[in-house]
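Shown next, in C-alpha cells, is the structure this report addresses.
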Amino acid sequence: MAIEAWLMDDSNEDPRLSHRRNPNESVSLDQLAELGVLYWKFNPTIYENDQELTKIRQDRGYNYMDLLDLCPEKVENYEQKLKNFYTEHIHQDEEIRYCLEGSGYFDVRDKDDRWIRILIKAGDLIILPAGIYHRFTLDPSNYVKLMRLFKGEPVWTAYNRPQEDNPARKEYIKGLTEKFGVPLAAH
C-alpha cells in the first residue's frame, strides 16, 4: 500500500493526532511529487541487504547512514526533542528518512502554504527536498525507528521559519514557480 497523505485541519489539539479535515481531503503521490517529495516502499525487515535500497543510495549519493529510535524511553529530553522537530523549518539539503518500525507524521507546506500531513509507517522511505518547509512528530504510539541517509558528512541544522532569503528556500521556490508556470508567494 502506498503512503497516505491529506490536508490538515486547523486544530491546535495534540500534534500526534491525525488532524484530518472533515470530510478528509486526500493528497496523492503525484501531488507530493509536484512539491518535490519522493516516496518508495520497501521491506523494512531486510534493510541491511535490500538491493533496491542500495541502488537508490548509490544513485543518489547517500553514503552516510544511521539509525534513530524515537520514543520516551530512548531519547533524553524526549518532549523537548519532539517540540523541536515539530517547529516549522527547512534544511539546506534533502531530508531522507526510511521508517523501519513504528510510525509518525511529516508535515509539508503545499504551494498554497497549507499543511499536508504524511503518515509514514514501516517500509516507507521519504525524501523531502531542500528548502521545503516541514516538521515532524510521532503519532499516539510514541515510537518510530528511522534510518537517516545523507550525502557526505551529515548536517542536521534546521533553519526555522521565516527563511525566505535562505539560498535553499529561494532555489525551492524557483523550482516550484517554473513547474507551475506562475510566480508563487515565498510563503
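Keep in mind that glycine also has a Cβ here, set from the backbone N, Cα and C atoms.
Looking at 1-23, 93-115, 139-161, the range tied to region 'Disordered' in TrEMBL is 1-23.
Listed in sequence order, the residues I90, L128, I132, Y133, R135, A158 complete the 8 Å Cβ shell around the Fe(2+) site centroid, once H89, H91, E95, H134 themselves are left out. In the shown protein chains, 22 other C-beta atoms lie within 10 A of the C-beta of H134 (Ni(2+) binding site). Across the region 'Disordered' (1-23), DSSP classifies residues as 0 helix, 6 strand, 17 coil.
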